[in-house]
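Colleague: Structure incoming, see below.
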Amino acid sequence: MRLTVLCAVCLLPGSLALPLPQEAGGMSELQWEQAQDYLKRFYLYDSETKNANSLEAKLKEMQKFFGLPITGMLNSRVIEIMQKPRCGVPDVAEYSLFPNSPKWTSKVVTYRIVSYTRDLPHITVDRLVSKALNMWGKEIPLHFRKVVWGTADIMIGFARGAHGDSYPFDGPGNTLAHAFAPGTGLGGDAHFDEDERWTDGSSLGINFLYAATHELGHSLGMGHSSDPNAVMYPTYGNGDPQNFKLSQDDIKGIQKLYGKRSNSRKK
């Protein structure tokens, strides 16, 4: 099951200087520009060389993350992955936490749904958000409490285009949603693009439970995983709703951050 859910954190601006080599056959100018933009947003620096200006180093990081041959060259497979809808958080190997491992210090985390999609009944959105949070909550010593007014730790909503957080949505496809790591202000908040077609899994469109579970993982402090079976894998795909669950990689990551729930099932 591939999961491409979309989220955003405070991404650092970066400059791209060196041209990208490519395999025989060439790429269109649009693909070239898309590749540079993709690497700029999702691979902020090379973990070994720390060369923030080397596009080739960034491309190698991407190829390593997705299990591709590490050539540092653009090819059709790389472009195919770059064109998939995905989350706005940079990629790392296996499970990861945000820099400095931000997390909620209170054992009770509040959440509020401030706006809803037109695609689903309010009661369905409420149920799926609760289910997504409980998937994480049953593994860690946190409790989630819904509030209906005021400021909650996690503010959840649907919006189109620019919506006040410097990360405007881009219409159908591409960026589906974004979320912020635990903290003050926007910290923990999760936003979903209302230009998408959201479903409960019973019709064509983006399965909201999949997206919400991924985004709320970010709201709890989780980064991306390179494990294709993980909820925190950066790309989206419709799997079997009846068998949707956290992977061992997801559980290992969230318990690294918060510890195990006393009644969490043994692994």
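Placed from the backbone N, Cα and C atoms, the Cβ positions cover glycine too.
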Colleague: Among 29-36, 69-76, 85-92, where does Swiss-Prot put the label motif 'Cysteine switch'?
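Modeller: In Swiss-Prot, residues 85-92 carry the label motif 'Cysteine switch'.
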Colleague: Do you know which of Asp126, Asp153, Asp227, Asp240 Swiss-Prot groups with Gly185, Gly187, Asp189 in the Ca(2+) 1 site?
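Modeller: Of Asp126, Asp153, Asp227, Asp240, Asp153 joins Gly185, Gly187, Asp189 in the Ca(2+) 1 site that Swiss-Prot records.
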Colleague: Among His143, His191, find me the residue Swiss-Prot lists at the same Zn(2+) 1 site as His163, Asp165, His178.
Modeller: His191
Colleague: When neighbour density is defined as the number of other C-beta atoms within 10 angstroms of a residue's C-beta, which of the recorded positions Asp170, Asp193, Glu215 has the lowest density?
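Modeller: Comparing Cβ neighbours within 10 Å for the recorded positions Asp170, Asp193, Glu215, Asp170 has the fewest.
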Colleague: Pick the one among the binding-site residues Asp165, Glu196 whose Cβ has the fewest other Cβ atoms within 10 Å in this structure.
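Modeller: Selected from the binding-site residues Asp165, Glu196 on minimum Cβ neighbours within 10 Å: Asp165.
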Colleague: If I take the alpha carbons of Gly171 (Ca(2+) 2 binding site) and Cys87 (Zn(2+) 2 binding site), what is the distance between them in whole Å?
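Modeller: Each residue's Cα considered, Gly171 (Ca(2+) 2 binding site) and Cys87 (Zn(2+) 2 binding site) end up 14 Å apart.
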Colleague: Looking at the recorded positions Gly173, Thr175, Glu215, His218, His224, which ones sit with their CA no more than 10 Å from the CA of His191 (Zn(2+) 1 binding site)?
Modeller: Glu215
Colleague: Considering only the recorded positions Asp170, Thr175, His178, Glu215, which residue has the minimal Cα-Cα separation from His224 (Zn(2+) 2 binding site)?
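Modeller: Out of the listed candidates, the nearest Cα belongs to Glu215.
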